[in-house]
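Beneath this line is the structure, given in structure tokens, with notes to follow.
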Amino acid sequence: MGFGSREMACALVALVLGLCCVGGARATGRIDEGLEVMWGDGRGSVSPDGQVMALSLDHTSGSGWRSKNTYLFARVDLQIKLVANNSAGTVTTCYFMSEGEWDIHDEVDLEFLGNVTGQPYTLHTNVFANGTGGKEQQFHLWFDPTTDFHTYSIVWTSQHILVLVDGTPIREMKNHADKGIAYPSSQRMRLYGSLWNADDWATQGGRVKTDWSQAPFVARYRNFTATEAASSSSPAGYDQQMDATAQQAMKWARDNYMVYDYCADSKRFPQGFPPECSMP
């Protein structure tokens, strides 16, 4: 698929999935009306105009924020500008997580793993349900995520979880609870974001360490929107399955930019892949 056709596909996908103004949600007002700095001892801040929340990391500490509300089935969109230049060892995150007992917690992860200058970021995704994860898929991006803001979205409904990048779906996890596959469906979750040091594993398996001479590292967030569905009968466009156009856009992203899929890791699963890997 060429560049022009990809843009057209993404535009059509946006219409199908309701990516703009789902349920009337818009990014208006200050970002700290919906998000609050949670930790970091002053390393998280909001711009004077209230539009951008910045997280910073130095050799002493990282920083993080959380949403003021919790959600049960929701769609969130957030623009992020990642740490520029040598970001090796750093991890910038945006993720849903429940607040109950850890052993049965639910979570939907987007983690951006930094790299040395000139090498691509890795977007690490994972889903936990009832305390069990292990559903990792990783992607490179088709743009430089450090030069401008880009939109990252999580659509969590009773039918499926979608991860989208600038309107292009890259991952879908369907609800197969009726087949015995755990799915996040009963615990409210809060949205979190953070910037922290993970140089023991984040970059090239931990072989490349954080260069603290480049600190402080800074990631920026803006244009946060969240729409919660009161039930599975949500606003038009919210809870729909993907049509052929959306499926084509996701196939393009996965064929060209997915670099790891737990459902294809035969060394990890020598006795056979998890059952959901073969479910449509």
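Positions of Cβ are set from backbone N, Cα and C atoms, glycine also.
Predicted automatically and left uncurated, TrEMBL annotations should be read as such.
Pulled from TrEMBL:
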ACT_SITE  Glu107  active site, nucleophile
ACT_SITE  Glu111  active site, proton donor
DOMAIN    1-221  domain 'GH16'
CARBOHYD  Asn115  N-linked glycosylation site
SIGNAL    1-27  signal peptide
Name the residues of the same chain, 6+ apart in sequence, whose Cβ is under 8 Å from the Cβ of Asn115 (N-linked glycosylation site)?
Ser87, Ala88, Tyr121, Thr122, Thr203, Gln204, Val208
List of residues, in chain order, with Cβ under 8 A from that of the residue listed as 'active site, nucleophile' and at least 6 apart:
Tyr95, Phe96, Met97, Ser98, Asn126, Val127, Phe128, Gly133, Pro184, Met189
Same chain only, sequence gap of 6 or more: which residues have a CB within under 8 Å of the CB of Glu111 (active site, proton donor)?
Val91, Thr92, Thr93, Tyr95, Leu123, His124, Thr125, Asn126
